[in-house]
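Visitor: As annotated by TrEMBL, transmembrane segment applies to 116-138, 150-172, 184-208, 220-246, 302-322, 334-352.
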Amino acid sequence: MRMIAIIIIVLSHQDLLRYHHREVGKETAQYEFDLKLTDPANLLQLNLEGRLKQGRLNLLITGGGYEIISNYQFEGKLQRIGEIFGPFTNDSIRVKITTHQAIGEWKISLQELFRLHYLLIMVTSGGLMVLVALLFILLAQKFSRAPFRYWAIGGGIWCLGVSLKIVCALLANRPVLAGLGSPILGSLYIGLLTGVFEIGVTLLLALLFRSLAENSRRGLMIGIGAGTVEAALIGLGSIATATVAMTGNPSGDPAVSQVARMTILTPLPWLVGPIERILAIICHTSSRMLVLFAVRKRSHLYFWFGFLIMTGIDAIAGYYHLTGLLNQVSLWQIEALILPFALISLPIIRWLDKHWD
């Protein structure tokens, strides 16, 4: 395992600069470093930290189409951690640090992040997400023995709900989020979008076509259909984006940069996507079955349980997006918060199967 970890580290990045210095109050001091990227398509990670008791420090990084400037005054904390830049227009990078009457210490490191590493994460994670979807479909078909068309119906319900949610988000997100003015309220709003449209559409169609709620086997396949279609589309999208980026098409660069920012603090990042899809499929299944069971039993209580499950999951994800924490913490932290919803969903699915008729 240690050897595998070493290989992954070697393939993911290389150190371009590591420098640590203590300032003693010199009138002016300059430090210049000329760096060379292996490939301008790669990314650059900046870490600058320290503290000054007096004076100031100026940082200037130029080259490759970028100009990165930071100015720090006396008694200031120097901190730019994990910031990622790139891709670049050429492979030459110049770093210039100037201090004026500074007392304190600082350190800087620059790492070249290999683009190929993040492309492999996207392809591997995407492929595993598709595999997760296929395995759930096969298992559901084996144990439920419901006609396969109910899987397609579940996938169609998900597509319709998400399409309506996207339209609403495009029209309303900016003014609503600005008006709410709070990440907590904003994340609740994002969660409610999922509850209203994805779960709401499921309820509407179940009321229109009550045969969808005829038995638990149909409910299971509809839920699996919703979750696996989402997983397959996300996985295929990740693979397609990586493939476009591999061809040199710049349209894939923003996605690669975003993956780098999101996974820089995450161990085993290629596993996050498939694990998240497993949890999501379980939650999709329980929430859809609860809605269909509510229609079957003519009891609105079960609908609200399903509504809360999906609303809660997306509210958590929304909070990390709105606060910017998505790029500042390990993605496993988010999965840990979603895990309880999936653990609760498993006995719910079992209970619904036993009490449907």
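Cβ atoms are placed via backbone N, Cα and C, with glycine included.
What you are looking at is a predicted structure, and each value in this text was computed from that prediction instead of being measured.
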Visitor: Between the stretches 116-138, 150-172, 184-208, 302-322, 334-352, which one has more Cβ pairs under 8 Å with the transmembrane segment (220-246) than any other?
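Guide: It is 116-138 that shares the most Cβ pairs under 8 Å with the transmembrane segment (220-246).
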Visitor: I need to check the long-range neighbours of the transmembrane segment (150-172): which residues 6 or more away from its ends have a CB within less than 8 Å of a CB in the stretch?
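Guide: Distant Cβ neighbours of the transmembrane segment (150-172) are 137, 140-141, 193-194, 196-202, 205, 212, 217-218, 221-230, 284, 288.
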